[in-house]
C-alpha cells in the first residue's frame with residue numbers, strides 16, 4: 001500500500017487500501033476453533049481442597065446462585081463491554097435478584113449474610129468479571145455500609161431498601177486528585193449554612209459515580225476541621241460528574257471525576273455517624289475483608305480458563321496440558337489459590353468473632369494480592385498469543401493486577417498497624 005503525503009497523518013488514500021481492509025473481525029470461534037473463549041465460561045476446577053466443606057448450607061447456596069448467574073448472564077457479554085468501556089446496565093436487575101447488595105447488613109431489605117457468605121459472593125462475581133465485582137464492592141461494601149453504620153434511622157429507611165435491590169445505585173467519594181493514600185488530608189470542604197451545608201471540592205477515581213443516584217461524599221467541616229460524611233443526590237445543583245477515559249484496566253467500571261461547586265446538602269442528608277476520619281474505619285474494616293476476596297475470585301477464574309484451554313489447545317500432536325512445563329505452572333497457580341482461599345476464610349472468621357485487627361486485614365490483603373499477581377502472570381504465559389485477547393479472560397485482568405492492585409499492597413501496609421507487628 002502506497003502512503004501519499006497528507007496534512008493529516010492518518011489520511012490514507014482509500015483507493016490504495018485492500019478490498020477487505022474494513023471487514024469485521026472473524027468471530028473468535030471461527031478464527032480460533034481449537035479453544036473455547038471465556039464467553040462460555042469454564043466449570044470451576046480451582047476449588048481443589050473442597051472449600052465448600054467449610055461453608056454453611058446458606059453460604060454454599062449463595063455461592064452457587066451467584067456462580068450460575070455470572071456464568072450465564074455476564075460471561076457472554078463481558079468482552080464486548082470491556083472493549084467498549086461501557087457498563088452493561090441491562091444486567092443490573094439480574095444482579096439485584098441475587099440478593100447480595102448490602103452484604104452483611106441486617107434489616108432494611110438487605111440480605112444479612114455472614115461475612116463469609118458476603119465474601120464468597122464477591123469472589124464468585126470476580127471469578128467471571130473483575131469490573132462487576134468492583135461495581136458491587138463500591139455500591140455495597142462502601143456506600144451502603146456507610147449508610148448502615150453511620151447513617152440516621154431515617155437515612156437507613158430512606159435509602160437502603162432501594163439500594164439493596166439495585167433499584168438505585170450509590171458511589172463512595174473519598175479519593176481526591178491530590179490525596180489518594182493520604183485520604184485523611186482531603187481538601188473538599190463542607191461549610192455550615194442555614195438549613196444545611198455547602199460542599200466545595202473535587203473527587204477522582206470514584207467508581208459508579210457517573211450514574212449513581214446517591215453519592216456518599218466525604219468533606220472537611222470548615223468549623224471543626226474534621227471529616228464529615230454527606231449524601232448528595234444525583235443532578236444536585238453545582239454537581240457534575242465526568243467519566244475518566246483511556247483506562248486499560250477495569251474498563252467496564254465507570255470511574256469518574258466529581259466536581260462540587262457550591263452544592264447544597266440539607267441537614268437531614270449529613271451522616272451523623274461520621275465526625276472524623278476515624279469513623280470511616282468502621283466501614284473499611286468490613287470492606288477490607290471483601291476486597292481481599294476479589295483477587296481470590298479473579299485468580300480462580302484465570303486458573304479455570306487456563307485449565308480448560310490447555311486441555312483443548314494442541315501443539316506437537318498433544319494437548320498443551322500434556323507438557324510438564326505447563327503442568328508445573330498450573331500446579332503453582334492451583335496451590336496459590338488454595339492458600340489464598342484459606343487466608344481469606346481465616347480473615348472472615350477473625351472478623352466474625354471480633355478478633356480481626358488492621359494488621360490481620362492488611363497482611364491478608366497484601367499477601368493474597370501478591371499471590372494473585374503471580375497466578376495471573378503464569379496464566380498469561382500459558383495462553384501464549386491468546387493471552388492478550390480479552391476473549392480469553394486473562395488479558396482483562398493482567399493490567400488490573402500490575403497497574404492497580406499493586407497500590408493495595410503498598411497502601412494497606414502503610415496505613416495499618418502491621419508494621420508494628422513485625
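Cβ atoms here come from the backbone N, Cα and C positions, even for glycine.
If you look up TrEMBL, you'll see 56-165 marked as domain 'Acyl-CoA dehydrogenase/oxidase N-terminal'. Annotation comment: TrEMBL describes 171-263 as domain 'Acyl-CoA oxidase/dehydrogenase middle'. What TrEMBL lists as domain 'Acyl-CoA dehydrogenase/oxidase C-terminal' is 281-396.
Residues of the domain 'Acyl-CoA oxidase/dehydrogenase middle' (171-263) grouped by DSSP class, helix first, strand second and coil last, total 3 helix, 51 strand, 39 coil.
The average pLDDT the prediction assigns to the domain 'Acyl-CoA dehydrogenase/oxidase N-terminal' (56-165) is 97. Counted with DSSP, the domain 'Acyl-CoA dehydrogenase/oxidase C-terminal' (281-396) comes out as 100 helix, 4 strand, 12 coil.
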